[in-house]
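Worksheet for the structure shown next.
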Amino acid sequence: MIDLSPLVRRLAGTPLASWSQGLQAQLDAKLEKGHGDLDRWRGALEALPALQPSEIDLVNGLRLDCDCDDATRAQMRQALMGLSPWRKGPFDLFGVHVDTEWRSDWKWSRVGPHLDLQGKRVLDVGCGNGYYQWRMLGAGADMVIGVDPNWLFFCQFQAVQQYLPELPAWHLPFALEDLPANLEGFDTVFSMGVFYHRRSPIEHLLALKDCLVKGGELVLETLVIEGDENQVLVPEDRYAQMRNVWYLPSVPALARWLRRAGFSDVRCVDVSVTSVEEQRSTDWMRYQSLSDFLDPNDHSKTVEGLPAPRRATLLARK
């Protein structure tokens, strides 16, 4: 069982205290339903060697280290491989380099400098395996809760957390819809790589706003296209082989949507074209990746002939 009592204690006296009281039962109910591969992934977690990190770096990346021998490293590598595919990272865990599909550290280096997370209560919606949660703590966040219903990501988070049990980061295998309305308890809310999967983009923005305290900040990172405030791409079918991509607005259109949803002080802090160096297949993620989804003769287009992935990060205030 995963014990959430430290989280409940952490949230005592905050606007999230009443919500926290029901989290253990909510988590236990989710775990009871489970997933067909959960036992296998738990086996991988149990196979991780018992180590105590003497070096912890969450500022320059995600690196844990201590004195350990080659046999222990081999055990670590085999156990972590049992949790493949690894999407977000990279992680350096006691001499084992988990070379993930995404160079998420590149994204963080673009986004992080624009944020003030010092002492903030943070929610990361669609947090994946929690890579960014650890980086948020490295940037001074007081605590970080991530929500993502993907069970493999949940187990990957547990793999890192078991070496950092005292740090105030929690991963809940919930969807945003599992959170109560009008939560209004987080200083900063992240939605990175989620927005374009939502069929109702304005509803998503309103739900994110509901999670923020008054004056809190939204960090929204999503796929965009070039164009003016009236330009929005709605793929006819797939986008970069993904069926679940609905809306790719231009940056000015997205800024307008944020204002329409009631946000203020909207500003774009980064726009980057995703390269095949930033997202690619590795030993830790052996499936198809970005290069397979782009036109082989013209990387400015997807295989469907649509504009290649371009990502923007916008900040907005409640």
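Cβ from N, Cα, C; glycine included.
Quick look at what Swiss-Prot lists:
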BINDING   Lys88, Trp102, Lys107, Gly126, Leu176, Glu177, Met192, Tyr196, Arg311  carboxy-S-adenosyl-L-methionine binding site
Could you tally the C-beta atoms, other than its own, that fall within 10 angstroms of the C-beta of Leu176 (carboxy-S-adenosyl-L-methionine binding site)?
20
What does DSSP call Met192 (carboxy-S-adenosyl-L-methionine binding site) in the simple three-state scheme?
strand
Determine the Cβ neighbour count for Arg311 (carboxy-S-adenosyl-L-methionine binding site): the number of other Cβ atoms within 10 Å of its Cβ.
19
Taking 10 A as the limit, how many CB atoms besides its own sit near the CB of Lys107 (carboxy-S-adenosyl-L-methionine binding site)?
23
Could you find out if DSSP has Arg311 (carboxy-S-adenosyl-L-methionine binding site) as helix, strand or coil?
strand
Among Lys88, Trp102, Lys107, Gly126, Leu176, Glu177, Met192, Tyr196, Arg311, listed as contacts of carboxy-S-adenosyl-L-methionine, what is the widest Cα spread in Å, to the nearest whole number?
26
What's the number of neighbouring CB atoms sitting within 10 A of the CB on Lys88 (carboxy-S-adenosyl-L-methionine binding site)?
23
Neighbourhood of Met192 (carboxy-S-adenosyl-L-methionine binding site), C-beta criterion under 8 angstroms, separation at least six:
Lys107, Val111, Asp124, Gly126, Tyr132, Val219, Leu220, Glu221, Thr222, Thr313
